[in-house]
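Taken from TrEMBL as is:
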type     : residues  : note
TRANSMEM : B:6-22    : transmembrane segment
TRANSMEM : B:78-95   : transmembrane segment
TRANSMEM : B:115-137 : transmembrane segment
TRANSMEM : B:223-245 : transmembrane segment
TRANSMEM : B:251-269 : transmembrane segment
TRANSMEM : B:316-337 : transmembrane segment
TRANSMEM : B:363-384 : transmembrane segment
TRANSMEM : B:414-433 : transmembrane segment
TRANSMEM : B:448-471 : transmembrane segment
Amino acid sequence: MVRKIIITGILLFVIFNAMLYLLPIKKRFVYTDVEKSERFLYAGRKFSVITAGSSLIGNFTFETEKRKNYFNLSLPPSGGCTGVKILALTNNIPDTLYLETNYISRGFNNVLIDGLLDKRSYYAKLIFPALQEQNKFFPLIIDKFKSGNTAQASKRKPKDDLFLQLFASTKEEYSKPVNLVKYNKTLLELKKHLEYLSAKGTFIAFFEVPIEHDLVNSPKLVSQRQALKLAFADKKYNWIQPDTTNRYYTGDGKHLLEESFVRFTKYFKTQCNLLKKQGKK
Amino acid sequence: MLFNSLVFLVLVLITFIVYYIPGLKKYQVGILIVSSFVFYAYYKPILLLLFITSILLNTSSSYIVLKEDSLSKQKKVAAFAIALNLLILAFFKYTPLISHTFYKELELNGSWREFFFTIPLPIGISFYTFEGISLLIDVLRDKNSLKEKHNSFWEHLIKTSFFISFFPHLIAGPILKAHDFYPQIKEKYFSDINWEKVIKHLILGYFLKMVVADNLNEITVNITYPFFLGYSSLNLLLLLFGYSMQIFADFAGYSSIAIGLGFLFGYNLPRNFHFPYISQSFAEFWTRWHISLSTWLKEYLYFPLGGNRKGQWRTYFNLFTVMLLGGFWHGAGWSYALWGFGHGSFLAIERLIKDRVKVNNTLLVQILQTAMVFLVVTFLWLLFKLPNFDQVVQFFKALIDNRSMRFNISSKELNLVMLSSFVVLYHACYLLFKNNKVSPATNYNIQWVSYGVLLFLILVNSGNQNAFIYFQF
């Protein structure tokens, strides 16, 4: 009995791996930091345009995605720094990197990075793709049978009491300036990785995702912006100017609702084109 | 150390190899004690201090009871040691709760307040304290069974240390009873290992924990304030159902792994779960859920209180008291007490009704009873998920207010249903095969295929590593 159980388990595992190799089975949408970074790491090819950031740009898609050379490395809880470090440590050098600055202060998720780059685990997941988080069995099956784009931003504002609760907690989060000692340390390490990418020829542009109007000049964002501008004053770093003409709406104070998100995406692309026209890229 | 961590697997492997080396037979118990201490103290070695103190307290006091001839002296020593056990448990587990609740009345200020508010809860303290008490009571009740076998203090110390610390059950049970475990302490042989039992328990346990509970945890995390406010009533019910499945899978999974590991080292640990969600009454539920705790409470609390021998009203009172204390045992929070209060009340009311009304046991009645018990038990789990009582009230408010919201079926909901279906299937199979006789060949084939599939799912669908829910108790 024991032998039969083990053989059955292993046989099914081998069959599933073979299916992942042979058939184009892939989840349409990946959400978690591990899934996203694995998808990037095991894609087996180079991406020329990359956006790195937090959940604020989770739904972001670029026109160039159709040409399959764009990757949205938004890592919801970890934020942009972690994405940049993954790029630098894995020597995945894009032509262009757009870095969202809202949650740079979260620093680096080294647990995620160490787990991802651990050699034994990396090769095991490379040989047996079934071990990758993005190929988890049930979510993969569900993804195949569930239609519709589930990766869209919320269409409408949540119920008032929920919105007020969420907004209150966001307000509290943004009411205090960042811890500058910790933040500057993060920026120093970020600079090291960005310098590396820049030296290899990557065009780097920072951008801030608009949030609820009342919070745009909150102590957290103001202190964060000032330190960031100071640390990356060099001309090789480019900045996409924030949109001051439009008003944006969120579901919780920071995550844009669908309509606002679409408006921001348009604005963002126009600004990217402007940078190109200015001859910067 | 977590059962589902690599470091634990390494510890088990090393222990297993050393344990069965023929030349080291004499030291088998010692080897397991050392491994258990490493297991317990791996992340916080300081915890060993309290753990060893508890072992020494229970060893020395039970040894005195064993060797003492005067019954009154035996009782005094045992009572003193039990009180000390409870005092240690109360200090570490309940001081923060009491000081949080009554800090104004107690006039706690400054550093004292800070000290009482932040007393850490040593992992597994509720479990090993209960085992220590079990030892003292067993020795007092039937000391002859141990007296002959425990000649010296050293021998008693070794066996007691092993009884309390044996790593499979140390942190979250099953709670062992001295009279069940001591007779099993003897030399074990590799050839005696029942591999089928080991593998089946380990596969089922790891499947329930890593595939069902850990994945459900990523979904039921939405039952946190204020996020649940945004869900429709039906979605909230589905999430709560998922949590009910999760808590079963988490704890039953742990117990199954513990039993499997016990078999690996030649020890038979008691069954802790027996398909609890098919229970047709609350009394039955407590004979199927966390069996080692409920039998402990029955033997060492309910019976001494008089059980059902002192009249109907006293029986109701005893049931209620035992469950209320059981609630407090789970956690130092008023919502745990309320959870115990809820179970105690339902047990007492059920008994009251049973004593007065006779119901025909038709299939429909059985189904309705099972559904009702499941619903009540599931709603009471909310007190585990939301230990802040205000949030429980908000949850119920959202359940009523959000009726008009659309039932959202996203991948998350489908995943919850898929994962929960394994727990439902697990119970359904038991009901199905309980009475229908399946031929041994069919049974054999069903079993190896099923366990093979579970092994496959452990490899390809495990969730993020989470601590077991019962670790906090």
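Backbone N, Cα and C define each Cβ position, glycine as well.
TrEMBL annotations: computationally assigned, not manually curated.
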Is it the case that the transmembrane segment (B:6-22) and the transmembrane segment (B:316-337) have 3 or more CB pairs under 8 Å, with pairs at least 6 apart in sequence? no
Please work out whether the transmembrane segment (B:363-384) lies in contact with the transmembrane segment (B:316-337), by counting C-beta pairs under 8 angstroms that are 6 or more apart in sequence and asking whether there are at least 3. yes
Select the range from B:78-95, B:115-137, B:316-337, B:414-433 that forms the most Cβ-Cβ pairs under 8 Å with the transmembrane segment (B:223-245). B:414-433
Positions on the same chain near the transmembrane segment (B:251-269), where near means CB under 8 A and six or more residues out: 3, 12, 15-16, 19, 32, 166-169, 172-174, 176, 181, 184, 188-189, 192-194, 197-202, 204-210, 212-213, 290, 468-470
Which residues of the chain, 6 or more past the ends of the transmembrane segment (B:115-137), have a CB below 8 A from one of its CBs? 40, 44, 47, 50-51, 54-55, 57-58, 61-62, 65, 78, 81-82, 85-86, 88-89, 91-93, 95-96, 99-100, 103, 108, 160, 163-165, 169-173, 175-178, 293, 296, 300, 329-330, 332, 471-473
